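According to TrEMBL:
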type: ACT_SITE; residues: A:37; note: active site, proton donor
type: BINDING; residues: A:30-37, A:147-150, A:176, A:184-187; note: ATP binding site
type: BINDING; residues: A:61; note: beta-alanine binding site
type: BINDING; residues: A:61, A:153; note: (R)-pantoate binding site
């Protein structure tokens, strides 16, 4: 497996495999990999000849006071995990390689970036859209793989790729959960033992909503209220948002008609976790 | 020569010539071609195996009250001119092909986009950066060619390409002028006979500044004042801006040390013309 630290190294690797007629899949990550990331790698391996994993904790998608400095990093462990998974190259640049002095360009996706994490984390999705545009231009993959845990991010990247005429297929892969239901996240390592238990309220409240919809509930306000009440039953949980929005435009809904996204962001101590499910009306 | 109206058509053309191992040059234009555009085409022919000219009056780079509706268009005449010049394909999409319903992405280049035409025409350079990103992703040229008449645009596109890691060489080509000194522009057709004569004050004032610098003048305020006075000696001329800024960052200067850009925007009746020269200190 190749470990590329510079744009030039990864470009030269991709150019050489392309020259052999091979297809290239990219799995963009911020590292500290868990089975959710590895499911993206497996899907990429299944669909592309060569797989590149990027590992870059992107400073521009963190706001002031967020966890950019403390975000967990362990490149050596990550490299072992993806090598075992059959990845062909890691692209792990330093921040200065991605944002050299004088850097001044940004990419914005209006609309889909505005609610949910866009409202809670101003500038977050501008950072995401900009770094993903860069990674796509650097690696020029045929396909790129993203987890549905960041459902809004997936919608944003699909919109970005279509709007800017990038010739890349975006593949989204289901959330991977721990045995007890907690969605895999690099940020789960922040949780104290008590918060780790309390965080099960996320997947429990999603299940509750799915069950209510299966029983015929279509009223969005009532559904949200039940989810909020469920989360509030856990005293360690502090809600950032609970929303039910249309797919793919993330607009407000009164009644479930088509599929809709139920998305949660909840704090446990200093740790903000997100989770979501699609409600099938 | 191929006339492509859709993204798919021009992509398929470029894919086929790339498959033959040919290099591709792109000349992005808004059409109504003049010898300035053709000098870009000649440079592209000289440096690339295959040349694509895009002709697209991009609505998003025009502000409210600007001349998007009336901007001169003549695709048939343009097609004849570029066919004679040996161009291989025209990409001339409709606005709806470039901006289908739901389009919501924009690309911004801070800094270099802010003074000069960025200050006079809010949103203009966001429109330029976005459409150029799209055109580059659609055509995927090896090189792209731009005229120095839009000097700020050239700086912006070089910054954009570097920041977003686009693997495209940007080539800028000198201003082409009429025999009497007027810089070629599609907007020159708007000028009345009197304004056409009056507009010579632009190139005359640039020559004056170059002469003053050659004689040793280094004080930016004095240089600007002489240029302003020269332009004001023409009663039909109404100054939008006269600026002398550093290259490539377009920062304010007190004294000429290195090369600097002298840039003008002046109205004659309803017609706004730009011109510029590099002052070599």
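Placed from the backbone N, Cα and C atoms, the Cβ positions cover glycine too.
Structure with TrEMBL features highlighted.
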{"residue": "A:30", "record": "ATP binding site", "contacts (Cβ under 8 Å, 6+ apart)": "A:55, A:56, A:57, A:58, A:71, A:186"}
{"residue": "A:33", "record": "ATP binding site", "contacts (Cβ under 8 Å, 6+ apart)": "A:55, A:77, A:78, A:81, A:82, A:186"}
{"residue": "A:36", "record": "ATP binding site", "contacts (Cβ under 8 Å, 6+ apart)": "A:147, A:149, A:175, A:176, A:183, A:184, A:185"}
{"residue": "A:37", "record": "active site, proton donor", "contacts (Cβ under 8 Å, 6+ apart)": "A:27, A:29, A:53, A:147"}
{"residue": "A:61", "record": "beta-alanine binding site", "contacts (Cβ under 8 Å, 6+ apart)": "A:123, A:124, A:125, A:126, A:127, A:128, A:131"}
{"residue": "A:148", "record": "ATP binding site", "contacts (Cβ under 8 Å, 6+ apart)": "A:154, A:172, A:173, A:174, A:175, A:276"}
{"residue": "A:153", "record": "(R)-pantoate binding site", "contacts (Cβ under 8 Å, 6+ apart)": "A:117, A:125, A:128, A:146"}
Other C-beta atoms that fall within 10 angstroms of the C-beta of residue A:176 (ATP binding site): 18
Cβ packing number for residue A:186 (ATP binding site), 10 Å threshold: 19
Assigned conformation of residue A:61 (beta-alanine binding site) - DSSP reduced to three states: helix
Residue A:30 (ATP binding site) - helix vs strand vs coil (DSSP): coil
Secondary structure at residue A:176 (ATP binding site), reduced by DSSP to three states: coil
